[in-house]
Amino acid sequence: MAEQQKVLGMPPFVADFLMGGVSAAVSKTAAAPIERIKLLVQNQDEMIRAGRLDRRYNGIIDCFKRTTADEGVMALWRGNTANVIRYFPTQALNFAFRDKFKKMFGYKKDVDGYWKWMAGNLASGGAAGATSLLFVYSLDYARTRLANDAKSAKKGGERQFNGLVDVYRKTIASDGIAGLYRGFGPSVAGIVVYRGLYFGLYDSIKPVLLVGDLKNNFLASFALGWCVTTAAGIASYPLDTIRRRMMMTSGEAVKYKSSFDAASQIVAKEGVKSLFKGAGANILRGVAGAGVLSIYDQLQVLLFGKAFKGGSG
């Protein structure tokens, strides 16, 4: 077999991995301010309970104003480093496990039928997601804690953590390794729910809407993909809220006993709508990330003749 042509002087898979990382870093860094606002709004009740926030945010705009006023504009990128670093081990693990899980659960839609294919897709996605999460979950935990580490008005403007390493050090000291994995269960459930809804909705709607001239229309496909992504994201958002609220209790005296206990307490004390706090910012983040990535893809095509795709999430 002929040797594959090198890209940027490197083997193709190495170039894809590294340049994909640059794409991910650009996308995540561009959307980081919206991501931090989303996390602050989403987890504000845990911050109030821990005495790290004096009053609730009155929506996304109020959170943005107060955060920039109290901490400065650059604080909007707090926690972004951990989020960017997380891309590389996640992608490496995806390369390692992707083929293995595809062989285990790889049904073909036209041969085995839609439902077998869908079940295999959910099983492989859930298994691959859970396996990757085992290795990178602590980085997502650290990112969440740093992003929600607002300068406490009640505690003289002090932060709880002094950077990424400090999050690990303090969490392990107070809660052990288990503290870094709080909320792991709902995270895996969220992957399965999201994938199930995404593929289920996309496969159901595409043959109905994308017909005739729209069948191979890029904008129509992009719009449908974005709508389905948004719908799946909103539907699985409560699981994201539950896992992050559980993360926020590491190092605190009172913790949720389980994901069910967390959901029950949140709904009982704050109402169902609390499970969707920050969902609006999450949609904006998706738009910002996709927009920047589209522009960056075009630049890569101009410079290198191809676009290198970065990971999401």
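Residue positions begin at 1 at the first shown residue.
Placed from the backbone N, Cα and C atoms, the Cβ positions cover glycine too.
Taken from Swiss-Prot, the feature repeat 'Solcar 1' covers 11-104. For the repeat 'Solcar 1' (11-104), the DSSP-based tally of helix, strand and coil residues reads 80 helix, 0 strand, 14 coil.
The transmembrane segment annotation in Swiss-Prot covers 13-40 (among others).
The transmembrane segment annotation in Swiss-Prot covers 81-105 (among others), and the record cites similarity to another entry as its basis. When Cβ-Cβ distances below 8 Å are used as the criterion, the transmembrane segment (81-105) is approached by residues 13, 17, 20-21, 24-25, 28-29, 32, 35, 119-121, 123-124, 127-128, 131-132, 135-136, 139-140, 142-143, 146, 164, 310-311, 313 of the same chain, each at least six residues removed from its ends.
Cβ neighbours within 10 Å of ARG86 (ADP binding site), excluding its own Cβ and spanning all shown chains: 23. Marked as ADP binding site by Swiss-Prot: ARG86, ARG98, ARG243.
Within its own chain, the transmembrane segment (114-134) has Cβ neighbours under 8 Å at 89-90, 93-94, 97-98, 101-102, 104-108, 140, 184, 187-188, 191-192, 195-196, 199-200, 203, counting only residues six or more beyond its boundaries. What Swiss-Prot records for 114-134 (among others) is transmembrane segment.
Summarising the annotation, Swiss-Prot assigns transmembrane segment to 184-205 (among others).
Marked as repeat 'Solcar 3' by Swiss-Prot: 216-302.
Residues annotated as transmembrane segment in Swiss-Prot: 219-239 (among others). Sequence-distant contacts of the transmembrane segment (219-239) (same chain, at least 6 residues past either end, Cβ-Cβ under 8 Å): 186-187, 189-190, 193-194, 197-198, 201-202, 205-206, 209-210, 263, 275-276, 279, 282-283, 286-287, 290.
Sequence annotations record features per position, and here Swiss-Prot assigns transmembrane segment to 279-299 (among others).
Summarising the environment of ARG243 (ADP binding site), the number of other Cβ atoms within 10 Å of its Cβ, over all protein chains shown, is 25.
Residues 114, 118, 121-122, 125-126, 129-130, 133, 137, 140, 224-225, 228-229, 231-233, 235-236, 239-240, 242-243, 246, 258-259 of the same chain lie 6+ residues outside the transmembrane segment (184-205) yet bring a C-beta within less than 8 angstroms of a C-beta in it. For the repeat 'Solcar 3' (216-302), the model's pLDDT averages out at 87.
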